[in-house]
Amino acid sequence: MNKKTLKDIDVKGKRVFCRVDFNVPMKDGKVTDETRIRAAIPTIQYLVEQGAKVILASHLGRPKGEVVEELRLNAVAERLQALLGKDVAKADEAFGEEVKKTIDGMSEGDVLVLENVRFYPGEEKNDPELAKAFAELADVYVNDAFGAAHRAHASTEGIAQHIPAVAGFLMEKELDVLSKALSNPERPFTAIVGGAKVKDKIGVIDHLLDKVDNLIIGGGLSYTFIKALGHEVGKSLLEEDKIELAKSFMEKAKKNGVNFYMPVDVVVADDFSNDANIQVVSIEDIPSDWEGLDAGPKTREIYADVIKNSKLVIWNGPMGVFELDAFANGTKAVAEALAEATDTYSVIGGGDSAAAVEKFNLADKMSHISTGGGASLEFMEGKELPGVVALNDK
């Protein structure tokens with residue numbers, strides 16, 4: 001990686017403003033999934049051991065520039081304290097005189113969690129004044145929030161204009177894994193692109209068709225491709241305005257010598273619920289008043305076979321409505337094939353795919369689960385991430 005990282009700087013006795021991604025799911029004031037907090041621990045632990053004054057900043061949810069009581073970071077700070085096994089202080093603001101006083105009173109190795117940075121309208125606007133106010137709290141900036149790296153915000157990009165800025169260990173690992181996968185992949189290289197809408201994955205499909213040996217399509221977006229082949233899709237999700245684009249992707253795959261896999265059979269239902277009547281049909285025979293909600297058994301077998309014969313697989317987006325057990329088999333089959341393919345390096349691109357491997361208790365069988373859904377998606381589109389560009393070059 002051509003950006004400076006934590007190991008390139010001395011942090012002893014320094015005030016370190018570390019941007020982490022603690023945007024975790026909450027319920028009734030409790031953290032329900034602490035994966036993102038755990039992911040930041042190696043960087044925080046290292047800063048503590050090196051004798052830095054550790055100042056942690058994160059967003060939580062979408063408070064839209066105002067204080068929302070249930071989006072305060074108190075519960076997150078409590079979980080962090082338990083995971084770190086040491087005291088973690090929590091500030092009521094994210095900058096200003098009171099926060100400065102608290103930081104002045106910190107000893108080497110102390111940890112302070114600032115208040116939710118999105119309580120301030122300047123954060124998402126990347127307001128230079130707010131970026132400066134953040135920078136005044138510290139001597140060094142560390143960005144370990146890969147999940148927010150695709151945002152040019154005051155705490156992810158603006159602050160880096162004012163003080164030395166380096167990548168944390170999680171950021172470094174995410175970038176290393178993804179850039180190695182895209183620039184120097186082991187082959188056969190397979191990408192699995194699922195999810196609901198073609199429009200969200202246009203850039204990814206387009207970019208990956210220049211890189212992969214196999215492209216597997218699944219989920220709601222596959223019905224636009226099925227329609228592009230000339231088949232009726234009943235009440236399935238369909239983007240009429242993307243049919244021509246779907247055709248052009250299939251042509252590009254052919255031109256580039258990419259094996260293009262899409263469903264051959266699907267699970268259709270007469271209602272969007274677990275109790276619906278369901279049947280398996282070939283893609284030529286989708287009934288007019290039913291909707292496709294999952295990949296069928298033949299499709300699952302073909303996809304699993306492609307996965308097991310790949311050296312590298314990147315997976316972004318589920319194969320069906322996996323939140324409903326009746327339509328989870330396609331997504332589960334992909335997750336299980338990846339878990340069983342021990343010679344395959346598997347990269348799970350955050351978001352729903354990460355949630356799926358968690359749901360099926362297969363997370364520990366994946367080689368790398370990205371902590372950033374949107375960020376990994378943009379990286380796979382070949383876009384530069386503002387939070388990374390802003391860091392100091394080696």
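Keep in mind that glycine also has a Cβ here, set from the backbone N, Cα and C atoms.
Quick look at what Swiss-Prot annotates:
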type: BINDING; residues: D21, F22, N23, R36, H59, L60, G61, R62, R118, R151; note: substrate binding site
type: MOD_RES; residues: S183; note: phosphoserine
type: BINDING; residues: K201, G292, E323, G350, G351, D352, S353; note: ATP binding site
type: MOD_RES; residues: T299; note: phosphothreonine
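Feature map: Swiss-Prot annotations on the structure.
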residue: D21; record: substrate binding site; Cβ neighbours (10 Å): 25
residue: N23; record: substrate binding site; Cβ neighbours (10 Å): 20
residue: H59; record: substrate binding site; Cβ neighbours (10 Å): 27
residue: G61; record: substrate binding site; Cβ neighbours (10 Å): 14
residue: R118; record: substrate binding site; Cβ neighbours (10 Å): 24
residue: K201; record: ATP binding site; Cβ neighbours (10 Å): 23
residue: G292; record: ATP binding site; Cβ neighbours (10 Å): 29
residue: T299; record: phosphothreonine; Cβ neighbours (10 Å): 26
residue: E323; record: ATP binding site; Cβ neighbours (10 Å): 14
residue: D352; record: ATP binding site; Cβ neighbours (10 Å): 20
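The binding-site residues shown are K201, D352, S353; of these, the one with its CA atom nearest the CA of H59 (substrate binding site) is D352. Cα of K201 (ATP binding site) to Cα of S183 (phosphoserine): a span of 20 Å. The number of other CB atoms found within 10 A of the CB of S353 (ATP binding site), across every protein chain shown, is 30.
Annotated pair R118 (substrate binding site) and the residue listed as 'phosphoserine', C-alpha to C-alpha distance, rounded: 34 Å. Of the listed recorded positions S183, G350, the Cβ environment within 10 Å is emptiest of other Cβ atoms at S183. For the pair G351 (ATP binding site) and N23 (substrate binding site), the C-alpha distance works out to 12 angstrom.
S353 (ATP binding site) sits 18 Å from the residue listed as 'phosphothreonine', counting Cα to Cα.
The substrate site, placed at the center of the C-beta atoms of D21, F22, N23, R36, H59, L60, G61, R62, R118, R151, has further neighbours from the same chain whose C-beta lies within 8 angstroms: S58, N116, G147, A148.
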